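Q: Swiss-Prot lists 1-26, 278-310 with the feature region 'Disordered'. Sequence annotations record features per position, and here Swiss-Prot assigns compositional bias 'Basic and acidic residues' to 14-26. The motif 'PP-loop motif' annotation in Swiss-Prot covers 55-60, and the record cites sequence analysis as its basis. The [4Fe-4S] cluster binding site feature in Swiss-Prot is assigned to CYS130, CYS133, CYS221.
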Amino acid sequence: MQDLIDSPTAARTPAEEKIRHEGNKLSKRLARETTRAIADYNMIEAGDRVMVCLSGGKDSYALLDILLSLRKRAPFSFDIVAVNLDQKQPGFPPEVLPNYLTSLGVPFHIETQDTYSIVTRVIPEGKTMCSLCSRLRRGILYRVAGELGATKIALGHHRDDILATFFLNLFYGGKAKAMPPKLVSDDGRHTVIRPLAYVPEHDLVAYAKFKQFPIIPCNLCGSQENLKRQEVSRMIQEWDRRHPGRSWNVFNALSRIVPSHLMDRDLFDFAGLKPTGRPDANGDTAFDPIDPEDPREDAGDACASSPADGDAAMAEQKVVFARL
């Protein structure tokens, strides 16, 4: 489809023109949502050197593509360097990413570390390798970031990844914890950002098809198909199919926490709670006949199609990149 982007209008059929039109709309939407996430969490600042971790999957390809586009419009300068970790998985095509990145003219670094052999030696056959593999990969990328002088490490996790992590922690870890758009690395030395935090996965699937990224399969290691994360992801997809808007409601709830109506004593001083004699907007609702399935019950903001829809005025003030 890249040919459709570059070809003159007169040479396109109506069907091709429609594909190009839809692709351009998608590109603008992804750029807009990425810009909002960057602005909301102050992910990128003037003079930053952003290390984009490129795996060869659709998400990291899209992240690099969008950041390169946004950099052209940004009111300040920042550098981008793409980094791939070749873990020596069987069947990994070592030429694909260097050829692609060279064609873009973007600086890149390929780090070769045989973590695959370590994982297969330590983890018994048939057991999940993802956790150990992830820890090894993370440590290597932190080291590379320091060697390259990167001030930000950009990962390609999207909205559905954040939701899946939340439910995994909820179902199997007993804690309300997700995947933050911005955090400090485990070693305390690096800032990790997720600019695609507001982007749903189905948009990235469509974008990869439109841009014809040279996708490298993600299951070269023989990862198991019944992983808990994949099960949770299927649950979220089924929700979207049967109950449109439900996953967005849950996602938006992650940024609308009311500590006084939860049970974490570290977040709210329940022990010291006393009547003040003044009305409280977040006060007692224990006896209110609220039906959470009733759209009339103050659900307007919660049903926004994206995190920015309910706060458009604030977003206009906070966006640091030029409007697209």
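A Cβ is built for glycine as well, from the same backbone N, Cα and C atoms used for every other residue.
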Q: Per 10 Å Cβ neighbour count, which of the binding-site residues CYS130, CYS133 ranks highest?
A: CYS133
Q: Go ahead and report the DSSP secondary structure tallies for the motif 'PP-loop motif' (55-60): helix first, then strand, then coil.
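A: Split into helix, strand and coil, the motif 'PP-loop motif' (55-60) gives 3 helix, 0 strand, 3 coil.
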Q: Could you put numbers on the helix, strand and coil content of the compositional bias 'Basic and acidic residues' (14-26), residue by residue per DSSP?
A: 13 helix, 0 strand, 0 coil
Q: Mean pLDDT across the motif 'PP-loop motif' (55-60), rounded to an integer, is what?
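A: Averaged over the motif 'PP-loop motif' (55-60), per-residue pLDDT gives 96.
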Q: Helix, strand or coil for CYS133 ([4Fe-4S] cluster binding site)? Use DSSP.
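A: CYS133 ([4Fe-4S] cluster binding site) sits in a helix per DSSP.
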